[in-house]
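The feature domain 'Major facilitator superfamily (MFS) profile' is assigned by TrEMBL to 227-414. Under the heading transmembrane segment, TrEMBL lists 21-53, 65-87, 94-114, 120-140, 152-171, 183-205, 226-249, 291-311, 318-340, 384-405.
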Amino acid sequence: MDRCCPDTQHQEDPEGPPEGGYGWVCVAATFLINAHTWGINSAYGVILAFYLSDHTFPGTTALDYAFVGGLSIACAMLVSPLATFLVHHCGINVTIVIGAVFEAVSLITTSFVGRNWQLFLSQGICFGIGMGLCFIGSVGVTSHWFEKRRSLANGISAAGSGIGGLTYSLATGAMIPRLDFPWTMRILGIICFAVNLTCGSLLRLPPKEKNRSKGAALRFSVVRNLQYNILLAWAFLSSMAYVVLLFSLSSYAVAVGLTQHQGSIISALLNLGQAFGRPGVGVLSDKLGRFNVAMAATFLSGFFCFVFWVFAKSMVALCFFAMVIGLVAGTLWATAAPLAAEAVGLGNMSSALGVLWLALGPPTAVAEAIAVKLRDNEADKYPYLRVQMFAGAMYVSAALCLALLKYMRVSTKK
């Protein structure tokens, strides 16, 4: 099996990456892995609405359910050092196979659990570990195959999250009332295992990467780079806003009088927007500058939360908002790898991404729990106003971090 060569001290090949070829197979494989990790996780907004209305786990509060969703993303981020170690010593393919097993086991066992602590273990921790191993094992591969079209390739790969989220939000919303919750989870587990196992076996690095000397699997020395720390701040704030938006939109729809089915459609449209937006961000990044586009898209995400989400209460308005915000809300996931490569160099990208994912563990764990505490269920007119302000403020603050980073990079070049 091909081994992913981690950070090295060598000089980069002056000829650069291959710019395509088998790289497009890796793009397609990563696209499908994202669809069956982050995409399935995106359907948790629909599952959350079901939990809150069905009382499947007696005694479980809305805050508990929020922690389950946040815990899955947090574990995916916190497993970064382990994933990097496995990629370094066992290879990309083995890492993704292990992740596929964890994810499938988590979904299937969730269909049998009956207590909330079991739900935390299965759908929270176990799913997060599997998702993290699959995601972190695959996310850096595409960048090694492209340079000029790196942002486009990463954007296409990241669009898998949106397509998967669209597909599985609608599928989950349709299957639960027809097949019941347990069989819905079992079907999801079987599908994701088959797809992740197949796609994981297709991933590999360019031939020249196999001959690079091996260094530390994860070097924390990258945090000495001030520009990289500012990039971390952008990622930290963006991830909080993204999780709040992703998991709150469906329940917000129900709170303003829409049905659970309508809420699942709105969640699906959010993911559809991401399916178009992430490649679009990639194309624009390659043409207009990666930092410029990431900064503008992050700011627009906050602007849309302030201006559109607060006043969106009808099905039409929420569908429009979901599509528009979806175009830019997931910019973090489409641009993290290219921006990390810009900030620290391609040779240090493995460590830079590993530390970045690790840093996203705490904010993603608590983001939706914060949103639950900010909700004002007594307010008839704007029950989610504080949630909407929080998400918007996080996005705008993140955009300011990139503005500062852009200024520093321009000043350094003078």
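Placed from the backbone N, Cα and C atoms, the Cβ positions cover glycine too.
Note that TrEMBL annotation is computational and uncurated.
Model, not experiment: these values are computed from the prediction.
When averaged over the domain 'Major facilitator superfamily (MFS) profile' (227-414), pLDDT in the model lands at 88. When Cβ-Cβ distances under 8 Å to the transmembrane segment (21-53) are tallied for each of 65-87, 120-140, 152-171, 183-205, 226-249, the top count falls to 152-171.
The transmembrane segment (226-249) makes no contact with the transmembrane segment (183-205), as judged by fewer than three Cβ pairs under 8 Å among residues 6 or more apart in sequence.
Same-chain residues lying 6+ beyond the ends of the transmembrane segment (318-340) with a Cβ under 8 Å from its Cβ atoms: 38, 139-140, 142-143, 150-151, 154-155, 158-159, 161-162, 228, 231, 234-235, 238-239, 241-242, 245-246, 249, 252-253, 258, 265-267, 269-282, 285, 290-291, 293-294, 297-298, 300-301, 304-305, 308-309, 312, 349, 352-353, 356. Only sequence-distant pairs (6 or more apart) were considered; of these, fewer than three Cβ pairs between the transmembrane segment (183-205) and the transmembrane segment (384-405) are under 8 A, so the stretches are not in contact. Counting residues 6+ beyond its ends, the transmembrane segment (120-140) has Cβ neighbours under 8 Å at 4, 29-30, 33-34, 36-38, 41, 67-69, 71-80, 82-84, 86-87, 92, 95-96, 98-107, 109-110, 113, 157, 196, 199-200, 203, 336-337, 349-350, 353-354, 357 in the same chain. Beyond its flanks by at least six residues, the transmembrane segment (65-87) meets 3-4, 6, 37, 41, 44-45, 48, 51-52, 94-95, 98-99, 119-120, 123-125, 127-129, 131-133, 135-137, 217-218, 239, 243, 247, 350-351, 353-355, 357-362, 364-369, 371-372 of its own chain at Cβ-Cβ distances under 8 Å.
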